[in-house]
Structure formats: structure tokens, C-alpha cells
Amino acid sequence: MDYTTQQHTENVTSVNNTYITLNTTAAEIRELTLEDVLYMHIEPLFIVCRYVHLLWYFVGFFGNITSAVIWNTPHMYNVCSSAHYLVTISICDVLCQLFHITYYLKHFWRIESLGEENVCDFWSILYMIPLYISELLLLGLTIEKLISIRNPFRSGWFSRHQRAPKEIVWIVTCVTVLSLLQAYIWQVDSRDYCDDIRENRMEFRIWNWLCDVFIYIITPVTVVVIVFKILREAKHSIIGVSHRHQGRVNVTRTLRQSTIVIIRLSLFRVCVTIPATCVHFLLHVKYFSPSSLPHVFSSSDVNDSETWQRFIKLYTAKYTLELLSSAKYALGVFVFALSCRHFKRDFKARVQNLARTTYISLCKIMTYIREKINSYREDEFNAPN
């Protein structure tokens, strides 16, 4: 090593966790990874994501399980003809949150939990299945509702309770087949990360693009179009009830209530999905691609790089929108409660019963502890000196 290089490396100091110290040789200077740079520049966002995602998990696990139980009760099938779809969506939301924990640990705590090859292959399939199913079920129930409003006689054939489970099984089967290729695309890389290591192969990139475009662009846009058609049809067939048909008022109110549930749920999920999807696709554009990032060794290198600054801003938007998008897997129970009075009544009763049971159990535990303490004190008092 010549004198110039030696003088340069000996005057480098450690800057912002770059692991560069005095008297460090050029070979020992560690290049900053993408994760290092992001943690250095948007650490407050990571902290917010850590705890908000925990809130989504807590609300989602309780809310989705409760929603599935309520929608699966016999009287709810009479209230909403799409109850089978809503039960399945609630179950898929639980699975999405459960599998999202691995993503949460990897990106916000830097803990890789899928380092084994077989685990990575199996997880890559299971993770995609509920994600795709929930989007396609949303499309299915909006189509069913549009048919039931436009042609009530045909809707009896299309959406009767015996047929809905078969349609759901068909959707699950098709999605499972589409997801099998993920086991080949996702593998453990050199860092022991379960990652998409075949992204440089054009055929797999095309496959992922086609699947993502269909699930997260075409399907949500189609749902929005159908929802507006439902609103237009409902304006004539539901809201405009004639006073001469008083016997049909209760049926009309029930139909209107189930329609509001589907409309609100669809619009809520689409509105939080589309922005995050757009940012996700931007990351595949060459202008924003991580492959175009220059090598950096310190925070000052990152600050001086326009490419890195652009990339950090995009990732800030990505994590923020993903945080909001994850709310669709947690807050569905509130959409149901605000849209359907039957659901709200059952949910309120179950929450009150749970609160009452919890309170009684805590009282019994406190009473037991108090009795044990008093008994211990009496034994000490009566014990001979």
C-alpha cells in the first residue's frame, strides 16, 4: 500500500455506526448495507412501525376471530347473504397477520426467523395464499352483491348458502396452485435471509409482475368499479321503497344493511391497498431500483448521494403506506360494527361478556391471594417464638 492510501485510511474515524476506526486498512472498511443506511436515516419511523404493528396484531387477532365467530352464526346468514365470504375474509386476515410477524421481525427488529431452506420454501407459499385469497374474495362478494341487486332471482342461484362454500373452495384451490411457484423463487441467500434471490431471471420477474398486477391493481380497480355500479343500482332498487309494499320493508332494510357492509369494507380495503401497491411497483422501476445505488461507507457518503436520498424518501413512503395498508387486516371488525347493527349488537354482547368474565376472574384471583396472605400472617402470629 502506497503512502497516499495509508495516510487516507489512517485519518478515517468512525462515523454513525460505520465501523471505520483509526489505523483501519482499506480492506477492513465495511460497506454499508441497505438496512444499515435505512436504520441510520429513518430510525424514528422504524420505532413507530414497531409499536403500531403490535397494536394492529392485538386488535386484529381479537377482532378477526370474533368477526369470524359472529358471521358464522345461523341468524347472520339471514342478515347477510355474503356471510360465508366475510367469515373467510376474517380468517384470512388472521393468517395474514400471523405470517406478517416474520416480515415484522426481519425489517423492524432485524431478526431473521426463516433461515432454514425448507422453512423458507414452505413459508413463501403459505404467506402468499391468504394475501391473494382475501383480495379475490373481496372481488367475489362485490360481484355477488351486484348480481343480487340487479337480478334478485338469479342471485338466489348464484349466492345461496350451499353454493358459496364451493366458490370459496374454488378460489382457495386456484390461489394455492398460483402460489406454488413461490417455493422456487424464494430461497435462503448468502446472509441466511429468506429472499427473492431469482429476481435477476426475467421469467420470474414477469411472473411476479403479472400476479401482483392482477391481484393488487386489476382486482382492486375492478372492485371499485363494481361498488359504484352497486351504488347506482341500489339507488333504484333499495333506497326507493314504495309505500304500497309495506310487507317488503324489513327485507329491504336487511338487504340495504348487508349492502352497506360490503360497500364500506370494499372501499376501505381498496383505499389503503392502492397507494402501498403503487410505491411497491416504483421500487421495480430502474430509476428507483436498489441495483442503481452507489457503494457507501459512511453517513456522509449517503448524504452526498442524490440517488440514495431519493431512495430513502421512497422507502420512507413505502414503510408509511405499508403501515396504513396493514390496518385492513386489523380494523375490519370496526367496519362491520359501524355498518351492521346485528353485528354490532352481537359484538357488544360478546365484549361485555368477556369483560364481565375477566372482571370476575380477577376478583377471584385477588380474593384467593388476599386469603393466602391473611392465612400466612395468622400462621406467623400463632407460631411459637
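Including glycine, each Cβ sits where the backbone N, Cα and C put it.
Nonlocal intrachain contacts for the transmembrane segment (54-71), taken as residues 6+ away from its ends with a CB within less than 8 angstroms of a stretch CB, comprise 80, 83, 86-87, 90-91, 93-94, 97, 101, 326-327, 329-334, 336, 343, 346-347, 350. Residues or ranges marked as transmembrane segment in TrEMBL: 54-71 (among others).
Summarising the annotation, TrEMBL assigns domain 'G-protein coupled receptors family 1 profile' to 63-271.
Using a Cβ-Cβ cut-off under 8 Å and counting only residues 6 or more beyond its ends in the same chain, the transmembrane segment (83-105) has close neighbours at 50, 53, 56-57, 60-61, 64-65, 67-68, 71-72, 76-77, 111-114, 123, 126-127, 129-131, 133-134, 137-138, 140-141, 144, 161, 164-165, 168, 194, 261, 265, 326, 328-330, 332, 336. Taken from TrEMBL, the feature transmembrane segment covers 83-105 (among others).
What TrEMBL records for 125-147 (among others) is transmembrane segment. Under 8 Å from some Cβ of the transmembrane segment (125-147) lie the Cβ atoms of residues 81-82, 85-86, 88-89, 92-93, 95-96, 99, 102, 154-155, 158-159, 164, 167-168, 171-172, 175-176, 178-180, 182-183, 211, 215-216, 219-220, 222-223, 226-227, 229-230, 233, 258-259, 262, 265-266, 269-270, 273, all in the same chain and six or more residues away from its ends.
Positions annotated as transmembrane segment by TrEMBL: 168-186 (among others).
What TrEMBL lists as transmembrane segment is 206-228 (among others).
Residues 80, 82, 86, 135, 138, 141-142, 145, 212, 216-217, 220, 223-224, 227, 230-231, 289-290, 314, 317-318, 321-322, 324-325, 327-328, 331-332, 335-336, 338-340, 343 of the same chain, all 6+ positions outside the transmembrane segment (261-283), place their C-beta atoms under 8 angstroms from a C-beta of that stretch. Summarising the annotation, TrEMBL assigns transmembrane segment to 261-283 (among others).
Sequence annotations record features per position, and here TrEMBL assigns transmembrane segment to 323-340 (among others).
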Taking a Cβ cut-off under 8 Å, which residues six or more beyond the ends of the transmembrane segment (168-186) line up next to it in the same chain? 84-85, 88, 120-122, 124-125, 127-129, 132-133, 136-137, 140, 194-198, 204, 207-208, 211
Mean of pLDDT values spanning the domain 'G-protein coupled receptors family 1 profile' (63-271): 81
